[in-house]
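Visitor: Structure incoming, see below.
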Amino acid sequence: MGYYFEGTLGIKFTPTTRPEDILNKFNSFLLMKGRPELNQILNQQVPLEVKTSLLVNILNQIRFLVIFDNFEDCLNEERNGIENLELKAFIQHLLNNTTRNTKFLITTRYDFDPLDGRLASGIEHISLPELHFPQTNWLMNNFTELADLGIQKKKEIYDVIGGHPWTIGQFAKHAAVQGVDDLLLDLSPLKKELIEFTLLDKSFSKLDEDAIKLLLSASIFEEAIPIEALSWIVGDEKDECPAVGEPLQKLLQWGLVSKEQEYDKSVYSEHTIVKDFALKKLKEDGLDKKTLLVRAARYYENLVAQNRNLWDHLKARDYYFQAEDYKSATRIVESTVDHLILWGHIKLAMDLLNDSINTTLGETKTNAEYTLATIYHRLGDLTTALKICNKIKNKYEEMGNNKGVAVILHEVGIIHQEQGNYKEAVNKYNQSLKIAEELGDKRGTAQALHQLGNVHLLQGNYGEAVKKYKQALKIFEDMEDKSEIATTLHQLGVINHQQGNYEEAVKKYNKSLKLKEELGDKRRIAITLHQLGNIYYDQGNYEEAVKKYNKSLKMKEELGDKSGIAQTLHQLGSVHFLQSNYKEALEKYNQSLKMKEELGDKRGTAITLHQIGMIYQNQGNYEEAMGKYNQSLKMKEELGDKNEIAQTLHQIGMIYQNQGNYEEAMGKYNQSLKIKEELGNKSGIAQTLHQIGMIYQQQGNYEEAVKKYNKSLKMKEELGDKSGIAQTLHQLGMIHQQQGNYEEAVKKYNKSLKIAKELGDKSGIASTMGQLGVIYEAKGEYVFALNAYIKAFSIFESLKSPYSQLASKLILELRDKMGEEEFKAEFEKLVNE
């Protein structure tokens, strides 16, 4: 304040304040500031106008802030002007003629014009609403009785009495005698004082019928609202939105409503004192509170139709709930839950659903229970979700609601699927499918077929999966349901992707992406961009993968999709992991892990812990890695997620294998293999057989190794898993190479190389070229070896792979064998080709 003004003078007005009193206050203040001019004539027999003019002259020279406080005590009965004419003339003289430097601030409960319409542009009317809670908390800290209270207790006080500074002071005064908790139980003495202090009864008696109706009706709103809401709340079927400008001005004038700016729009609110007073008057005036609450809810529903604002929609829910229209409240909860979950407001979503379950009956209640079950499902608490679903299924059956039964069977199928109980999942989907077909429910039929496709996909039965997806796709196309068509095309892309048919996968993803863009479905656009990133990731093209992931991440951040953000951060961590940038990888994984833990996403948490374990494993920190794997494994076992349990057991096996503890490794691989066989997970079986083959290979038991590799290879060929086929052919090539059977090794490597080139798998191409180089070098074919090493190095370098260092080392060692001159000549020739 001192930066802007050279001094501040506050004068408290009373009903008896006269111009002479004000001049005396100014004189004392000016003498302190070293300005004696007014003092020299103050007691002389000169007209008041002369003294006032001298004061004005001084005030125009110096920057003072003058506060006229409690000015309402000087106003007339109508509160629209100054009662005492002499005081009025004096104040108007001051305000009209003090045009420079000094500023005046007049505080009053009632809005009035001190200059009667003159110099209107020079006066700003500032309506002061209640303090918001952060400012009220700060104010409470100035009172001994309130300062040491916890934030929750202070919020409880604020919710009851509001943020009026005088009210806070009076509350502190009463609390000093009664204690805070006792005072909160009986606020009647305090409220009586508030009514007397604010003269509410007197102000209320001055209002006309329209202003009274507006004041009482607006008390229903808990938040500051625009004039459109005020107009709506006093409306009815005959006149939905009557004009309220005139009654609103009266309420502002009498200080019963305050005005403030919110995002460049004027909004109005009643102080808590006024609101409590008005709510008590509602019944007396014949207004039905429930009717007004429902009308307030409908105002927000109409608003949501225009602005699509989630929080406005939830305001509508709250007003319906207060009006005890629980069915309408539940309808809104059902339609907003997905958005709340998406933005990470999981507890709020669950609390709202529990409110609905506790206040509704019949189908409405059962539907809310089903939605709650889906949240537990999404959080990874499959046991609780399954328990609720089984209870709901019985209810739907008792109601004869076959469609509801089909929906629950479908949901239970997904839960079993995620637990790895594929047989049970298929059973539930088939039951759901049968009911949907009997009901002629095309959408339900297609969704069940799609889900059956998902089970076959997870089991590696790609041919069966494609059949189911195509059946579902045909129905969705007949229905012209672009959203579901896009989803099914995406899944067909996933199959191509997993088979290593990257070109076809990209086509499917792009078709899906185009439909999602036409629908403006940003959330699912982000999912497909993420999946395109995964293709580049699998091809070893990490630069392109990161571009796609970042595009996806940006969209998810704009949407506030915390779950999706966590997933993409995880994948960015995986890119750093494969590039051996373990520090950056750990940073991304930990960011992802934190979000998943906040969301209560147990399954996602377990997967990221598993991945962090892989970092420690690759760094050779097996103890830390085992700790993370065991944390992950425990969570997966609690979730009953067999598929993921098998993955972590497989990874623990790899640690034992790396440590040379082949017996323990074999034990873990066999545990993993058994689960995968129970699940019918052909892709996983092939993966573990391959790994068991590697143990035999490391033990020098090449015959057993070849048997396991061939079993794995056969399954991968049946699945059409080109990427997996290339890896196992590469490994078979290594066995022949280790046995000195170079001709057979080259055949296997070339087969592997051909597939890697078809897939655009740069990392696979480079690895196989490197091995071919080793064979050529062993055979003394140094030029061929150099050519292979250069190609391997070039690819690894472009991928920013740590293997580029190994390729570089092989080239340097070969130079020593070839001799500097021959090496240089051949090197330049090959590089310039």
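Residue numbers in this text run from 1 along the chain shown.
Cβ coordinates come from backbone N, Cα and C, glycine included.
Residues annotated as repeat 'TPR' in TrEMBL: 406-439, 446-479, 486-519, 526-559, 566-599, 606-639, 646-679, 686-719, 726-759.
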Visitor: When the repeat 'TPR' (606-639) is classified with DSSP, how many of its residues are helical, how many are strand and how many are coil?
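Guide: Tallying H, G and I as helix, E and B as strand, the rest coil: 31 helix, 0 strand, 3 coil.
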Visitor: If you average pLDDT over the repeat 'TPR' (406-439), what do you get?
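Guide: Looking only at the repeat 'TPR' (406-439), pLDDT averages out to 93.
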Visitor: Looking at 406-439, 606-639, 646-679, 726-759, which one has the highest count of Cβ pairs under 8 angstroms to the repeat 'TPR' (486-519)?
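Guide: It is 726-759 that shares the most Cβ pairs under 8 Å with the repeat 'TPR' (486-519).
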Visitor: Based on Cβ pairs under 8 Å, which of the stretches 406-439, 606-639, 726-759 lies most in contact with the repeat 'TPR' (566-599)?
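Guide: Out of the listed stretches, 606-639 contacts the repeat 'TPR' (566-599) most.
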Visitor: Please list, for the repeat 'TPR' (566-599), how many residues fall into helix, strand and coil according to DSSP.
Guide: 31 helix, 0 strand, 3 coil
Visitor: Per DSSP, what is the residue count of the repeat 'TPR' (686-719) in each of helix, strand and coil?
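Guide: Breakdown, helix to coil: 31 helix, 0 strand, 3 coil.
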